[in-house]
Amino acid sequence: MEEVKKDVYSVWALPDEESEPRFKKLMEALRSEFTGPRFVPHVTVAVSAYLTADEAKKMFESACDGLKAYTATVDRVSTGTFFFQCVFLLLQTTPEVMEAGEHCKNHFNCSTTTPYMPHLSLLYAELTEEEKKNAQEKAYTLDSSLDGLSFRLNRLALCKTDTEDKTLETWETVAVCNLNP
């Protein structure tokens, strides 16, 4: 019997068409100075264990069904301790944002002990603390009105995301759904 291929999938909430270009421009500018792979602006709402493509699509469809578009607000530009959380926009943990994360986590049977930290990554990179601080300052120089910025997340994307691949070349968007207003 042939073994069915299983992959790690992520569910991303995508910013609306109005705010996406602003984030892309900021990400592009940071990447040109500090290097790092290109990726679309997104807020990760769930990461699965290994799933087959069929399992992932079914879970994704059911997650999309029960979720409405929602608003997120930037708390501040922050830095993290690993590659995929190098420099990011930390989002306010409003009930709306936290419920969206919980909703998707439940549909994907995510059993994580880490509390949900909603954020929109600006840069994936291996930087020193000094470089991260510089990138953080640069983000504010490029866009001084980030703190308190509110934007809509109106789509979900199902993505195959092998976290071992730091080039992101194997990352693939499998499906996108528009959320009800």
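Placed from the backbone N, Cα and C atoms, the Cβ positions cover glycine too.
Going by Swiss-Prot, these are the annotated features:
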type	residues	note
ACT_SITE	H42	active site, proton donor/acceptor
ACT_SITE	H119	active site, proton donor/acceptor
BINDING	T44, S121, Y124	substrate binding site
DISULFID	C64-C177	disulfide bond
DISULFID	C104-C110	disulfide bond
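C64 (disulfide bond) falls within a helix when secondary structure is assigned with DSSP. In sequence order, W12, A13, L14, P15, L120, S121, A157 constitute the residues six or more apart from H42 (active site, proton donor/acceptor) in its chain with CB-CB distances below 8 Å. Reported as a whole number, the C-alpha separation between T44 (substrate binding site) and C64 (disulfide bond) equals 14 Å. For C177 (disulfide bond), the Cβ neighbour count at a 10 Å cut-off comes to 15, with all displayed protein chains included.
Comment: substrate site residues T44, S121, Y124; largest CA to CA distance 14 Å, whole number.
Nearest to C104 (disulfide bond) in space, judged by Cα atoms and limited to the recorded positions C64, H119, Y124, C177, is C64. For C104 (disulfide bond), the count of additional Cβ atoms within 10 Å of its Cβ stands at 27 [all protein chains shown]. Taking Cβ-Cβ distances under 8 Å and a sequence separation of 6 or more, the neighbours of C64 (disulfide bond) in its chain are L156, C177, L179.
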